[in-house]
Structures are given as C-alpha cells and as structure tokens.
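Asker: I have a structure here, written as structure tokens, and I will follow up with some questions on it.
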Amino acid sequence: MSDRLTLLRPDDWHIHLRDGAALANTVGDAARTFGRAIVMPNLVPPVRNAAEADAYRQRILAARPAASRFEPLMVLYLTDRTSTEEIRTAKASGFVHAAKLYPAGATTNSDSGVTRIDNIFEALEAMAEVGMPLLVHGEVTRAEVDVFDREKQFIDEHLRRVVERFPTLKVVFEHITTGDAAQFVREAPANVGATITAHHLLYNRNHMLVGGIRPHFYCLPILKRNTHQEALLDAAVSGNPKFFLGTDSAPHARHAKEAACGCAGCYSAYAAIELYAEAFEQRNALDKLEGFASLHGPDFYGLPRNTDRITLVREEWQAPASLPFGDFDVVPLRAGETLRWKLLEAGA
C-alpha cells in the first residue's frame, strides 16, 4: 500500500464560497487544492445575470492568495423570470459556465428559486442551444413529502421529464444522496452526470442522529441511511465518468449551526481531497480517485484537464476545531478529529 498519491490537480464542481469578508478564508481553502470550482450563485440577492456574475467573480479573484491561479467558474441562479437573452449573454461572457435550478425553498437562500419547472422551459431550451449545462438541486419542497424521500420524488416528478424533453441539454444532478439517484444517472443518456460530496461518502444519518444531534453533519440534501451511502460509494469508485467531485462545501458561522434552528451545510473545503481519499481508501480504490476528482468533471463540461499535479501523503494530522470565517468562525467537517491523508504543500 503506497504512502504517496499523486494526481492531476482536481477541480470542485460544486462549492459555496459565500461573499464579503468570508471570501478571505473560503477562497484560500479552495485554491489550496483545486484548480477551478463551480461557484454556487445563492447569495442574497442571488447571481441572476452575467453582470452580477462578473461582479461576484471579481470579488473572488481579489480574494485569491498571492500567485494563485485558482479559477472561479460562475453560475447563474435560475428564477421564474430568467430570459433566453440572459442565458445567451451569460454564455457569450466566457466566464459563466452553467445555470442552477433551485426549487424555491429547497435549501439555503433558495426563496427566489423556481416555483414550477415549466416556468423555465424557455430558458432550458436556450441553454440546450448554446451548450450551457443545467445544475440541479434535486428535491421537491412540498411540506407533506418526508425530507428523506424528497430526492427520489424529484426524480420521478421532474427530472425524468426534463431529461426527456431536452435531450441535448447537459444536466448535472448535484450532490446526489441516494441509490435511486445513482441508478438514474447511470441509466440516463451521456448528457446526464452527477456530483457526489465527501460527507455523503463518509457518513450516513446515524452519524448525525445517534447519541445526540450533531448539527455539523446537517446538510441538504440530508444524510440518508447507510444503504444509500454504500450505493454512493459504489458509484464514486466505479470509474464511470458520469460521477465526479463536487464538495458542496457550505460554510455557516458556528452560531448559525449550533442553534435551535440550525443552518444546513458542511464545511469541507479546507481538507476536501484528503476526505475523499479516506472514502476511496475504504473501498481499496485509491487508483480511481484521479478519474473522479480530476478527469471526469472537466471532460463532462468540455473543459481542458489541469496539467499540474498535487501529492497526498499518508500522514495523520488533527483537523482544527474551528477556522476563521469573516468576522466569525466556522466548525469544519471532522473538527478536532484525526485525518489520515495530508496534502503535500508546494515546496514541502
């Protein structure tokens, strides 16, 4: 068993960097490992057009560490009123790489999202024409649907219909959490892919709920039972190019997580590739990590693969109990615990 693992530099195809003072922390954590990242647009107000995407992009670039070449790939936030002209302008910009479907009320800052899928069909047609991928938070939001069933329900009610109606539209089913989603993606045409988070590979709902409620495991879509966790691991290590890395690293200040009504999201960017390495090692599949982390994503998006490399070493280290997050602090995934892999920093 090797104690070193060298990969083409990976990318993160789903990250939340937040905004304002927090960028000084989140951008550096992402840039430490990733060459590029698909940056989620659910700010307040959301990133709805190319001009807003460019302004956000400039704020991210200004927060990059010195000499960093980290590239933010911007995303539009779809609303019921997103026009075909906005889609075409965004595509022509060269820096907007996708548009995101948030069902209204599904997750953090999704209140401006889509109320009926049919309301964005003209926008989706334009996206298919210009070659802009659709990113999907795949959960229904009706109050009567159990929170653990919302992903499967979304597939049956909406996603199958979208994929069938727009056969040339690239669709990324983001942060999948169920065996149902993995099976859907495997059986779908080649234009449908999926991201998988490290926390959904490493944990299930027992980790969040048994022995006390652990708010730093709370995310949306919520952690599912262990059989779904195993199905996600099967997909991730399969070598199937439809599945690729997307951390869904989503920081919230400690007081917003450790609360009577805590926010959803896990902060993993600070040690993302190390966490994925642990998950792949559980399956004796470290040889499949480079494909999942560094190859499948750019290939799906039609972007060049990175050419530089990173190296992980088998070395135990203790994750910090907290990290700075603007004017507050954030408790990262695995806070205070031992990690088994460590990114070898440049010059080390």
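Cβ from N, Cα, C; glycine included.
Annotation source Swiss-Prot lists active site at ASP248, citing sequence analysis. Residues or ranges marked as Zn(2+) 1 binding site by Swiss-Prot: HIS14, HIS16, LYS100, ASP248. Residues annotated as substrate binding site in Swiss-Prot, with sequence analysis given as evidence: HIS16, LEU17, ARG18, ASN42, HIS137, LEU220, HIS252, ALA264. Look at Swiss-Prot and you will find LYS100, HIS137, HIS175 tagged as Zn(2+) 2 binding site, backed by sequence analysis. Look at Swiss-Prot and you will find LYS100 tagged as N6-carboxylysine, backed by sequence analysis.
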Asker: Translate the DSSP assignment of LYS100 (Zn(2+) 1 binding site) into the three-state scheme.
Answerer: strand
Asker: Output the one of LEU17, LEU220, ALA264 that, of all these binding-site residues, has the highest number of other Cβ atoms within 10 Å of its Cβ.
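Answerer: It comes out as LEU17.
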Asker: Suppose we draw a 10 Å sphere around the Cβ of ASN42 (substrate binding site). How many other Cβ atoms does it contain, all chains included?
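Answerer: Within a 10 Å radius of the Cβ of ASN42 (substrate binding site) lie 22 other Cβ atoms.
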Asker: I want to check the contact list for ARG18 (substrate binding site): same chain, sequence separation of six or more, C-beta distance under 8 angstroms. What comes out?
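Answerer: Long-range Cβ contacts: THR26, LEU43, PRO251, GLY326.
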Asker: Cβ within 8 Å of the Zn(2+) 2 site centroid (LYS100, HIS137, HIS175 excluded): which residues?
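Answerer: Output for this site, in sequence order: HIS14, MET40, LEU101, TYR102, THR107, LEU135, VAL136, GLY138, GLU174, ASP248.
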Asker: Within 10 Å of LYS100 (Zn(2+) 1 binding site), Cα to Cα, which of the recorded positions LEU17, HIS175, LEU220, ASP248, HIS252 are there?
Answerer: none
Asker: Around the Zn(2+) 1 site formed by HIS14, HIS16, LYS100, ASP248, list the extra residues of the same chain whose Cβ is within 8 Å of the site's Cβ centroid.
Answerer: ILE15, ILE38, MET40, ASN42, LEU135, GLU174, HIS175, GLY246, ALA250
Asker: Quick one: pull the CA-CA distance for HIS137 (substrate binding site) versus HIS175 (Zn(2+) 2 binding site), whole Å only.
Answerer: 8
Asker: When a 10 Å sphere is centred on the Cβ of HIS252 (substrate binding site), how many other Cβ atoms does it contain?
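Answerer: If we count other Cβ atoms within 10 Å of HIS252 (substrate binding site), we arrive at 26.
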Asker: Fill in the CA-CA distance, HIS252 (substrate binding site) to HIS16 (Zn(2+) 1 binding site), as an integer in Å.
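Answerer: With distance taken Cα to Cα, HIS16 (Zn(2+) 1 binding site) is 10 Å from HIS252 (substrate binding site).
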Asker: Given the recorded positions HIS14, HIS16, ASP248, tell me which ones have a C-alpha lying within 10 Å of the C-alpha of HIS175 (Zn(2+) 2 binding site).
Answerer: HIS14, ASP248
Asker: Around the Cβ of HIS14 (Zn(2+) 1 binding site), how many other Cβ atoms lie within 10 Å? Please give the count over every shown protein chain.
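Answerer: If we count other Cβ atoms within 10 Å of HIS14 (Zn(2+) 1 binding site), we arrive at 27.
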Asker: Need one number for the substrate-binding residues HIS16, LEU17, ARG18, ASN42, HIS137, LEU220, HIS252, ALA264: the maximum pairwise CA distance in Å, whole number please.
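Answerer: Max Cα-Cα spread across the substrate binders: 19 Å.
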